[in-house]
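What TrEMBL records for this protein:
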DOMAIN    197-243  domain 'DUF1965'
DOMAIN    277-669  domain 'Copper amine oxidase catalytic'
ACT_SITE  Asp349  active site, proton acceptor
ACT_SITE  Tyr436  active site, schiff-base intermediate with substrate
MOD_RES   Tyr436  2',4',5'-topaquinone
Amino acid sequence: MVSEPVSEDDPAVYDDLTQREHLAVRDYMLAQSTLGLVPWEDATLHDSYIYAMELHVPSKAEALRFLDNSGSRPERQALVIVYGGSRLAPAVEEYVVGPLPNPTRHTTYTPPGRKNPIPWTSRAPDLKEYMVLRETVETALSVVHNIFSESYGYTLHNWSTRCLLTPDTTPRGYSSGERKTWFRAVRNLPGGFLHHVGFMFQINHESRDPSQWKIDRVFYNEQYFDSVDEFVRRYNDGTLQKTRLPDYADEGTDGVLFSSFLRRGPGQPQIPLRAPELFEPDGKRYKTRGRHVEYMGWSFYWRLGITQGLRLYDVKVNGQRIVYELSSMEAAAIYSGHDPKMLRSFFTDSGWSQGRSYELVRGVDCPNTAIFFDALHHRDTAGPRRFKNAVCVFELNSRIPLRRHFDSDYAGGYEFYGGMVDHALILRHIFTIGNYDYIYDYIFHQNGVLEAEAPYGYPAWANQVGNLHQHGFSFKVDIDVLGTENRFETVDIVLENITNPERPDLRHIQTHLQRSLKTTEKEAAIQYRFDQPKYYNFYNNLKKNRFGVHRGYRLQVNGIAKSLLRRNDSPAMRGVGWMDYQLAVTHRKESEPSSSSIYNQNDLYDPVVDFQAYINDNESIVDRDLVAWVTLGAHHIPDTSDYPTTTTTGNHLKFFLRPFNYFDEDPSMGSSNAVYVTPKDNFNSANVNRFGTEEGPSCVPIEPSFQYDGTWFDGE
């Protein structure tokens, strides 16, 4: 059997919480009278209630004792987030609850190194707050119904098919403690983010009393107003510059709405023909058991959190661990612009549930051959909610040879040809938030290379200039090369000016290698400079290969972009301190689990997690348990080809973990998928060695029927 589901009765160490565990933790917490929690479905903003829960991963020391030394199995625990609105001083509370599946205790989770307690204004808005915000909007803007109708032909009230929606933006203020949110009006059409009309408003919702919430700023036709009343008065007395948009040309090419994904334009191909398909003639060559995967010498666990998203644990190649944890930490998008929405658009997506998962489409998002996994998420709901087909895993032909060589005989023939296709295993999760789609891939190659990739695509904005913006992606790589005591060095490529040994009267300039051991965290905080190329190598000082060279793995970052915004000039950058560095290496600590936090989004100025603090204590990193914090980035200047959505082609950011003297030779030499060709009969024919792999025709696979539900539902 190639795939076995997660066991409800016996989940593994890194398996996400099961349905039974979710419900047991919820019921236990509600039963604790000292906590004073109200069931989510009955709670208001003035109550204390469970906002979210997920697996609380055991400490690394506990996990390794169990994985490596036959130690006792770590007990399973949950991390529960409580919105304490009923407290004398409202705050966000976090608790570790266990043991599962029958919890008997809870302890507050306040790790050192981050801000404690978590400020109330740092919390992510939930459905309860949004409901009151919508009521505030409906009441306050009821008096502008006619203005909307006259200006835009759409309205928030008394609408049928010409309706306006009002999405919000972040951060919610310009200083710590503020909670003021800008909303913009868009037409309720497919691809609504492309149908902005030019009206925005800010709601001040800092007060504990929602009756005090109000719209305190309005933006209309490039003009600001300090209240709705002022805006209405000046509109009616004609002291502002009015706008009247023409009846919107919703239809574009071939009579199809320009923001839709319906086919239009010249046919490609002119006659519909089926595209090439991937198939598995001998069945699957990988195995999944719960959240554990094995493939061609690789093995790893994975889980899908509700905050930082897809996480890998205990990654091994040929039975030896090279990475303890490889996780996506944060995704940031920082916009530039002149209107209040674009001036304020600074997104850190963990605050919007980076683990959010919608159904992947078989045959499009993942091949027909993929194995799909459901996800249970408990965030802003009464109980766990099942997201169908949230993650997939599949083997893929990567389109290029993993290795190949034509060995010429320099006389018109050849000695041999040897080659091997790069088949790789891909674990994929697609995170959709608002107008963004991020595709996270972890790719396992047969030569010991592990690749992490983040292609992205998102709709562009219509009715205005496409705004310049930058993207940043943060990853945590807990590297364990042959143990937890590792070193980090850069192998620098530098110039040397030497006397030419052949012509002593001449000088010769060439490059050479210079190894530089980094001893402290500040030395290992890398801001890449293209005039100083280097390799980033992690190795165990006590382990060498057969040639006496330290066995290591190197990080190769292929998605480097320098952020021009610095924290001294832009205070909000403190909330994404990891963007200051393309790579930073720190001593691993349980108190530094992530480069960011779901609470940073709504207080970037004094964030709950300040990544710079991880570096400032400047600990030794020689023969220590090390974590590499990798930043991928890109600047994006939208153009017309970004309509109706930016394609992922060309928008791939990635980094690699590559063996660096780790193996004595390329481990893919053991693969039976290679081909070796030698000439015979004076080059009139050839000996073809496929190393036992069958060839020839195979039965055409039966294509599964296309099914897509697209809904996510309560698991109770």
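Our numbering is plain: 1 for the first residue shown, then up by one each step along the chain.
A Cβ is built for glycine as well, from the same backbone N, Cα and C atoms used for every other residue.
TrEMBL does not curate its annotations; it predicts them automatically.
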Cα-Cα distance linking Asp349 (active site, proton acceptor) and Tyr436 (active site, schiff-base intermediate with substrate), given in Å to the nearest integer:
10
Which residues of the same chain, at least 6 positions away in sequence, have a Cβ lying under 8 Å from the Cβ of Asp349 (active site, proton acceptor)?
Glu330, Ala331, Ala332, Ala333, Phe431, Ile433, Tyr436, Tyr438
DSSP helix, strand and coil counts for the domain 'DUF1965' (197-243)?
13 helix, 18 strand, 16 coil
Taking the Cβ of Tyr436 (active site, schiff-base intermediate with substrate) as centre, how many other Cβ atoms lie within 10 Å?
19
To what whole number does the mean pLDDT across the domain 'Copper amine oxidase catalytic' (277-669) round?
89
